[in-house]
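Written below as structure tokens is the structure these notes are about.
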Amino acid sequence: MWIGVVSLFPDMFRAISDNGVTGRAVKNKLLSIQCWNPRDFTLDKHRTVDDRPYGGGPGMLMMVKPLRDAILAAKKAAREAGHEAKVIYLSPQGKRLDHCGAQLLSGSDALILVAGRYEGVDERLIESLVDEEWSVGDYVLSGGELPAMILIDAVVRFVPGVLGHVLSAEQDSFADGLLDCPHYTRPEVLDGKQVPSVLLSGDHEKIRLWRSKQALQRTKQRRPDLLNNLALTDEQAKLLAALESDSD
């Protein structure tokens, strides 16, 4: 997967390209990340990248020309690498990123992520160059770099070969609309707390059912809203009914 990033702070993305799952993906040539800094497209000695908004008000906007030229340079590089990249602007006004959204975006072989700063970006740039706007939540950050890194990490997990186990992405929280079940590792007893005996039984079917029940229970307790839009399987419906009966 090819990802271009337009950011005033490209060095921040070394956290993604040099570390963890995404760093390993870069090393294994499953992921390529390139950055463009709008400051490199300025013409004045101060490398100015902000400008006053029409109509007044607090704060500044990103200057149009350097940002536009940086996005166009990223699009050109994508084409030269054989990609037709989708341009995404990270914005609180965008569609909320979730598991399904990350999986959907992973189907693109190339993305260009625009990380804004200041009070935002000229609306005409968004209309002419941005294909989609995405948000990571209903809160405001100092810039789009952290949301861009969140999006990269979430999306790249779905790229074949990136995760160590083929089922890892399929069994994450939200993969089937539910929160994940509890997990345990050694030691068998920790501070007097025992690993659930079913996990030591070696009975794979019992373990599967236990994990399914635990996922339902955790979702019901912590995120009951997720159950409202979930089409339960017959098995899940029976397990959920049993949980509700036990709580009566």
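Counting begins at 1 with the first residue displayed.
Yeah, the Cβs are placed from backbone N, Cα and C, and that goes for glycine too.
Among Gly116, Gly164, only Gly116 appears in Swiss-Prot as part of the S-adenosyl-L-methionine site alongside Val136, Gly137, Asp138, Tyr139, Val140, Leu141.
Counting every protein chain shown, the Cβ of Tyr139 (S-adenosyl-L-methionine binding site) has 7 other Cβ atoms within 10 Å. Cβ neighbour count for Gly116 (S-adenosyl-L-methionine binding site): 24 (other Cβ atoms within 10 Å of its Cβ, all protein chains included). It is Val140, among the binding-site residues Val136, Val140, Leu141, whose Cβ has the fewest other Cβ atoms within 10 Å in the structure shown. When secondary structure is read from DSSP and collapsed to three states, Gly116 (S-adenosyl-L-methionine binding site) falls in the coil class.
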